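The block underneath contains the structure these notes are about, expressed in structure tokens.
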Amino acid sequence: MTGSLASNYASWKQLQEIYDKDRAKIVLRDLFAADPQRFSKLSATYNSQSGPGVQILLDYSKHLVTEPILQKLFNLLREAKVEDARDKMFSGEHINTSEDRAVLHVALRNFNDFSIKEEGVDEVSKVLQHMKEFSESVRSGQWKGYTGKTINTIVNIGIGGSDLGPVMVTEALKPFSKRDLNAHFVSNIDGTHIAETLRLCDPERTLFIVASKTFTTQETITNAESARDWFLGFAKDKAHVAKHFVALSTNTSAVTAFGISEANMFQFWDWVGGRYSLWSAIGLSIALVIGFDNFEKLLRGAHAMDQHFKTTPLEKNLPAIMAALGIWCNDFYGAQTLALLPYDQYLHKFADYFQQGDMESNGKFITKNGDRVNYQTGPIIWGASGTNGQHSFYQLIHQGTKIIPADFMAPATSHNPIANSKHHRILLSNFFAQPEALAFGKTEEEVRKELGQNASEALVKSKVFEGNRPSSSLMFDKLDPATLGALIALYEHKIFVQGVVWGINSFDQMGVELGKVLAKQILAQLDKSDDVKGHDSSVRHLPFILQVDHC
């Protein structure tokens, strides 16, 4: 990973020349009309080579590209040494240069196919076995609370990757869940979050999972302490904490001081980034909800995508293709966002999850060499499940002044084929219709023909869709653990490839730190009666205008 400015690559300059010269000719209506085989040329199918069978179809024929442009994009990836960077990641080299760390979420789901040398890698299987034994004891009813009752509620207390991943996966895999085991997730430091969650809990039957690598994360530990205080209000004896609290951490002394048994502490390592941690002990809540066998299928699905990414030529490599298309939209067409639009209600947290996954990874303006970039890096990630989004923000995507690339995704088969699959057929008809409408739009001539000669000019103009809005479509058979694992790994690797091309470090998150440091300074001053010192005039006075409670 060179850290070079992408704009210095010869292929980048060639792509800029193509964009400047040929942009007006890149019209999807014309491209489809000129080539009846465009779909077959600009689509790719992924078939897992190991683990549970997974097939994913990627249709990128509705992107603003031609085959020559695609080849230039792949040249760019090769010039940026993406394949070399990929191999370094998989081998355990310290590609997180700012923190001098390996980046080894792939090791958490490695089933002896990759040779990885890094401290802690050999311990992964032991932690997975610990997770299996614990989750099965809770799910079977063998694990009892302090009054001898079984557990029927789990509360995961974490923030960032310790929350977003488990929330997304447990929602996505709800059809595989233990329905009599309720799962809640508390992340926000706002006391409302923990207070409202505790109202749903029975202290005799609730298990709290405290997810913090250092066991010092302010939001997580504050919430955990409040949960412990609530619990002890009923249980009275601190010894009972050990039956109702477990920790996902590496800080043994802090965990045991809290009252959690060391035997109920699940380890992970500093080469696991928070936004890639659902594959680790952070996934304990997932294993509890869907069962360890299904958690393992999730891992195997991701591992098979890892194999695809590591061994498949770029031209047929789904993460590489999606990364290249994103760079073309982002850096040449000037698109600033990417909408993730799953036509599956179970995936309603998918965009939220990859907001962190993408924006925390590639929201950087400095290369690994210390240069300020002169191009756009990571896009803004957002989205919602279809068809909900159609009735809120699709208006702007279709007729707004911004280019918003979109990734549509849908299962061919529903888990809930109610009304003889009527719901699913309607859902899929919208899934197929939206990319077509975005690509081809509706001309003024077509509108006039539809409305007739008596239609007002204002009405005619308002019904014109310019089209030429880029999108990808991802289809898979049915959303199951292995398929979800493959989808997550697909996007992880796409993000990685883009970071390599842009020359940035996708694996630190320094932008999270400054606000946290200032907040700690202000918090210390809020406990005093005098002015908040050392900050700008609005910060100095707002706490007093808001009458901050010092009690």
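Heads up, the Cβ atoms here are built off N, Cα and C, so glycines get one too.
The D-glucose 6-phosphate binding site annotation in Swiss-Prot covers Gly161, Ser162, Ser212, Lys213, Thr214, Phe215, Thr216, Thr217, Gln356, Glu360, His391, Lys516, and the record cites similarity to another entry as its basis. Marked as active site, proton donor by Swiss-Prot: Glu360. Annotated active site per Swiss-Prot: His391, Lys516, in sequence order.
Shown on the structure are the features that Swiss-Prot records.
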residue : record                             : CB count, 10 Å
Gly161  : D-glucose 6-phosphate binding site : 24
Ser212  : D-glucose 6-phosphate binding site : 24
Thr214  : D-glucose 6-phosphate binding site : 12
Thr216  : D-glucose 6-phosphate binding site : 11
Gln356  : D-glucose 6-phosphate binding site : 18
Glu360  : active site, proton donor          : 22
His391  : D-glucose 6-phosphate binding site : 10
Lys516  : active site                        : 11
Distance, His391 (D-glucose 6-phosphate binding site) to the residue listed as 'active site, proton donor' (CA atoms, angstrom): 29
Cα-to-Cα gap, His391 (D-glucose 6-phosphate binding site) vs Lys516 (active site), nearest whole Å: 37
Lys516 (active site) and Thr216 (D-glucose 6-phosphate binding site), Cα-Cα, nearest whole angstrom: 13
Distance from Lys516 (active site) back to Ser212 (D-glucose 6-phosphate binding site), taken between C-alpha atoms, in Å: 16
Rounded to the nearest Å - Cα separation of Thr214 (D-glucose 6-phosphate binding site) and Lys516 (active site): 16
